[in-house]
Amino acid sequence: MEIILGIVMFTVIVLALALMILFAKSKLVSEGDITIKVNDEKELTMPAGGKLLGALASQGIFVPSACGGGGSCGQCRVVVKSGGGDILPTELSHISKREAREGCRLSCQVNVKTDMDIEVPEEVFGVKKWECTVISNDNKATFIKELKLAIPEGEEVPFRAGGYIQIEAPPHTVAYKDFDIPKEYHEDWDKYNLWQYVSKVNEPILRAYSMASYPEEKGIIMLNVRIATPPPRVPNAPPGQMSSYIWSLKPGDKVTISGPFGEFFAKDTDAEMVFIGGGAGMAPMRSHIFDQLKRLHSKRKITFWYGARSKREMFYVEDFDQLAAEFPNFTWHVALSDPLPEDNWDGYTGFIHNVVYENHLKNHEAPEDCEFYMCGPPIMNQSVIKMLKDLGVEDENILLDDFGG
C-alpha cells in the first residue's frame, strides 16, 4: 500500500510540475502571430518572439544600432505606446526618466510577445539594404584596413558626410594566420603574436561603421576598419567578431550592408571648423573634409589635426596634401606620439589634444566660436573634450562620432 501511495504522490508531483512549466511557458514564451502598428499607418504581422529591433528589420524597417543590438550604443530608440512590457534596467543608462514616461525604449531590448503600437523616426523608412561586392581590402596602417565596396549597378546609398552604414556578417570562422598583411607591418603583428587568434561566430552579427567616402564618390562605399584584437592584459579574450570578418574579405566577396544612418553631420554655418581624429576615426574626418571642400566648395576656415603613433600609422597623406595645395582655407597637421628612429620625424610630437592646444587654440582669438568635429579612441575624445571645456567651448559646438563607446 505504501508503495502504491508513493507512486501516486510521485505522479501527482510530476503532473503538478508539468502544469507549472506549461503555465510559465504560456507567460514567458511567445507563440503565434502578433501585430505591430507603426506610426499609426503600417500594420506588420509576424511571429511572436525575439527582440523588436530584429522583428522590424525582418519587415524591412532598419532602426539604427551602432552596437548591433547589444544595448550599449543607445541609438535604436523607438516610442512604444502599448505592448512591450516594462522598461529594463539595461535601458535606463540611455533613457531619462522623462523619456521613459513618454514611452521611449531601446528596440534591441524590447521583447516581442504581444500586439504593439510603436513610433519610429520617419527617416528610418529611407533605409535600404544592398548586397555589395568587395573591390579592395588593403592595409592602410598596422591595424587598419580600407574596405572599398561596389554598390550594385544603378543603385546609390544616399548618405550625408559623417554618416554610417551597418554591415551584416554570417556565421564564420576566421584564422588570423590567413590574413594577407604586408611585411612592413609584421613587426607589431609578430611582437604581439596576433597570428594566433581565431574568431568563431555561430550566428549572424551586425555592426556599424562610419564612411570614409563622401557623397560625390559615386558607386562605392569606403570604410576604415581597425582590427579589434584582445587587449594585452586579457590575451585570452576573443578578438572582435566583425572586424575579424571584415579583415578576411577578399576582392569579389559579397557583403550585405544597410543604411544610411547618422547624426554626426556638419552644421550649416560660417564658423571655423576644427577636425580632430585618431586611428580609424580618420573615416568620418575624410568624409567631412572632402565633402566641404570638393562638393560644397566651402570657404570656411578648416583645419585637421590627426594623431598617430608613428609614420607607419599615417594614411591618406597624399589626399590631404593635395587638398591643402588646392584649397587655401584648408590646412592639416599630424602629431606622432611615439615616432620610430627610422621615421626621421621633424613634425609635431605628443598627444594630439596637447598639440592642438599649443599650436592652434592657445592663442586663438575665440576658440569658443569654432565648431569641433572629432572621432578617435575614447581616451583621445575624453582628453580633447576636457581641453575644449576648459577653453569655454559650449556643448553645441563639440560634435563627436563616438565609435569607441
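Any Cβ shown, glycine's included, is placed from N, Cα and C.
Same-site candidate for [2Fe-2S] cluster binding, as annotated by Swiss-Prot with Cys67, Cys73, Cys76, chosen from Cys104, Cys108: Cys108.
Under DSSP, Cys76 ([2Fe-2S] cluster binding site) is assigned to coil, being neither helix nor strand in the three-state scheme. Under the DSSP three-state reduction, Cys108 ([2Fe-2S] cluster binding site) is assigned to helix. Close to the recorded [2Fe-2S] cluster site, the chain also has Leu53, Pro64, Ser65, Ala66, Gly68, Gly69, Gly70, Gly71, Ser72, Gly74, Gln75, Leu106: residues not among Cys67, Cys73, Cys76, Cys108 whose Cβ is within 8 Å of the site's Cβ mean position. Using a 10 Å radius centred on the Cβ of Cys73 ([2Fe-2S] cluster binding site) and all shown protein chains, the other Cβ atoms total 19.
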